[in-house]
């Protein structure tokens, strides 16, 4: 496929530029006729918005990768005890930590290469490639008899986990009609929540039934196989096809996801933003300094602050907080899951109404306030039982506030603000930053908690949330209701 692309590029270079001129001429005629006051990802004012029903199935298949991501994040939560007993590393905290963190190491590798893979073979093939290591890794983990087999399996699964989210964010932004892009972007977050909850439910019998953890790994193969098969029937991203000079195919895909009447206007939009610099490759140096630097900086800082708010520490650590409040761990996990899911559903409904920036701001401020409750719970003013209930309530509120904005918005927002030329690689870079910080937060959290105590640690997390709110206020632009091309033209400094 790659080879034929290069030869195609050579042959179709002229044809493509002629095609772009034709499309632009159509676009100008289209404007003169007065059939369009304003184009929106294939939606002119008179035509109204394209139906979301056409693109929904494609987005749902893509969301399977997020479901798998959530599932594998949570799968060792309930099962770690029985895995460590069966594989003979019980009581070895270093080994237990590795079972959790090898996955994150793999995810870092996967996310680093995701941009090059998504640009090289297309979004659909990238999804299929992300399913492959997840199938292999889950099989290895399910059938292993020692720690090394488990770690190798987790590493494989991790690479798939790293590849999935950035590609899903790209794909969803590129195939969704503008009017519902925010809601569709939140679907990936909801899928992640469902995956997490699914893994916790399936893990419940692990404490009673010997070797049940093997079943938990095997089950995850089903959605991974489904992702690989169904992606075959989904639309390829028209943005990617157009970037590769395959304009006729891009039209066909637009027809699939938007409907025939919107094809012409959607193609005109693409041509408007595309200034012919698409086919050359993006160098890493361009991302780190140059005209794209500010966007990459905003993206990386957003993901860094998302992790430094301590949210994953809260997820990893929820069981013990609830145990202190006298709540059994399975009920605790269900409470956290429901809190996460309900926040994500509300975010989906509000994303295209209130906008991304408002949700992010509210989310960071809400998290800071909820962490404040936990600081108060850890202080000497609160008595034993009151303190443990406050701590549990604070934790659920942190999760709820997170899922309203800081969870779903960064991935969606970045896939919107990055210009199509660098979109995949820039997403990959920012996701890699996210994984590095996630890894260190997971690694150091328990040690810091012992050395600093919960009050200081939660105060640090709350401070990062407030920094996050200030950063969003200053640097984040609102993208709701604008097509990807309009955002690109508005944000890019002209050369």
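Cβ from N, Cα, C; glycine included.
In TrEMBL, the transmembrane segment annotation falls on 212-234 of the listed ranges 28-50, 120-142, 212-234, 235-257. Check TrEMBL against the ranges 55-74, 335-354 and you find transmembrane segment recorded for 55-74. The transmembrane segment (455-472) makes contact with the transmembrane segment (292-319): 3 or more of their CB pairs lie within 8 A, with pairs spaced 6 or more apart in sequence. Residues 305, 309-311, 347, 350-351, 386-388, 390-391, 393-395, 397-398, 400-402, 404-407, 409-410, 413, 454-455, 458-459, 461-463, 465-466, 468-469, 472-473, 476 of the same chain sit 6 or more residues outside the transmembrane segment (358-377) yet have a Cβ under 8 Å from a Cβ within it.
With pairs at least 6 apart in sequence, the transmembrane segment (212-234) and the transmembrane segment (94-114) have fewer than 3 Cβ pairs within the 8 Å limit; the two do not touch. Same-chain residues lying 6 or more positions outside the transmembrane segment (292-319) and placing a CB less than 8 Å from one of its CB atoms are 73, 77, 100, 286, 329, 332-333, 336, 364, 367, 371, 395, 398-399, 402, 406-407, 410, 413-414, 417-419, 422, 426-427, 429-431, 433-434, 437-438, 441-442, 445-446, 449, 457-458, 460-461, 464-465, 467-468, 471-472, 475-476, 491.
Long-range Cβ contacts of the transmembrane segment (389-414) within its own chain (Cβ-Cβ under 8 Å, at least 6 residues beyond either end) map to 165-166, 169, 172-173, 181-182, 185-186, 188-189, 193, 299, 302-303, 305-306, 309-311, 314-315, 318, 321-322, 324-325, 327, 332, 335-336, 339-344, 346-348, 350-351, 356, 359-364, 366-367, 369-374, 376-378, 382, 426-427, 430, 468, 476, 479. Contact between the transmembrane segment (55-74) and the transmembrane segment (212-234) is supported: at least 3 Cβ pairs lie under 8 Å, counting only residues 6 or more apart in sequence. Averaged across the domain 'Major facilitator superfamily (MFS) profile' (58-480), pLDDT in this predicted model comes to 88.
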